[in-house]
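A.B. asks: According to TrEMBL, the record shows the following:
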BINDING   Asp29, Glu30, Asp136  divalent metal cation binding site
DOMAIN    23-245  domain 'RNase H type-2'
Amino acid sequence: MGSEAAPPPPTPPALPPKWASKPCIMGIDEAGRGPVLGPMVYGCLYCPRTYQKTLSTLNFADSKTLKEEKREELFENLKADESIGWAVDVIDPRELSAKMLKKSKINLNEISHDSAIGLINKVLNLGVLLTEVYLDTVGDTEKYRVKLSERFPNIKFVVAKKADSLYPVVSGASIVAKVTRDRTLRDWVLGETAEHLHNNFGSGYPGDPQTKKWLEDHKHSVFGFPTLVRFSWGTCTSYSKDFVEVLWEADVTDEDGNGRTSKRQLKLTSVGFTQQKRKTEDIESSGKGRCKFFQARKLELLPQF
């Protein structure tokens, strides 16, 4: 079906601000954690601690409570404010699916933690003196705070539920993340070559009727969905009943209880389209073994390299 081209996100300043050596605060928030379509975006906003009172007068609020036009206006205002810095991490839906479906799975909380840590490192590497960081909770509040404190012992962390409605610096980060995700989705180019593709997918949330219709119209019996879709989401399960069963030729030789060897194949439909626990025999089936390409060239897997 081809591949898609995600538009580049807004570009934050690459140079440290002139106030970087002063004690600074930072807020971090995300947009797009729940949707089945598109990227998850983490955004941060930082400023001198002395600017904190002024920040509370800029009408920042939880981005979910603001209309799109107001979010866009506030985002342009903060970009033009020389006392504010910002940055984003746009996590592609393909990356989300790959991490959540790989053999050693990385869950969404871990991905979120890594993104937040990456933003902190990014700003510190600019030379900004971060002394306080405010975040919305992801998972257990205290465990998350301890994890961050151990990683960055010189920074005070405040992890709280609904932080985007409690702290203006997090509200600003919420606007950064939300506007970036909205723009990315609005400008997304579907690169698949199938006919009748379109971008009228609604909000991207699983319960949205327009999103459901888009998923139904864009499913493919072999390839599943365009890579705008997060294959790892349970929402995709109900659409997999019409998918073709694909068997991968095995790379590993298994030995049964009688000392005989057999090849194993993994069913494509066992990956990402069910949340139910399945028996090994339901996931694997006997196959013909290694691909002829490898056999003809006498290529084998190396246990060590």
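Every residue, even glycine, has its Cβ placed from backbone N, Cα and C.
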A.B. asks: Identify all same-chain residues not among Asp29, Glu30, Asp136 whose C-beta atom falls within 8 angstroms of the centroid of the divalent metal cation site's C-beta atoms; report them in sequence order.
C.D. replies: Ile28, Ala31, Tyr42, Gly43, Leu135, Val138, Ala163, Asp164, Val170, Ala173, Ser174, Ala177
A.B. asks: Identify, in sequence order, the residues in the chain of Asp136 (divalent metal cation binding site) that are 6 or more apart from it along the sequence and have a CB within less than 8 Å of its CB; answer 'none' if there are none.
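C.D. replies: For Asp136 (divalent metal cation binding site), the qualifying residues are Ile28, Asp29, Glu30, Val159, Ala160, Lys161, Lys162, Ala163, Asp164, Val170.
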A.B. asks: Find, among the binding-site residues listed as Asp29, Glu30, the one whose Cβ has the highest number of other Cβ atoms within 10 Å in the structure shown.
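C.D. replies: Selected residue: Asp29.
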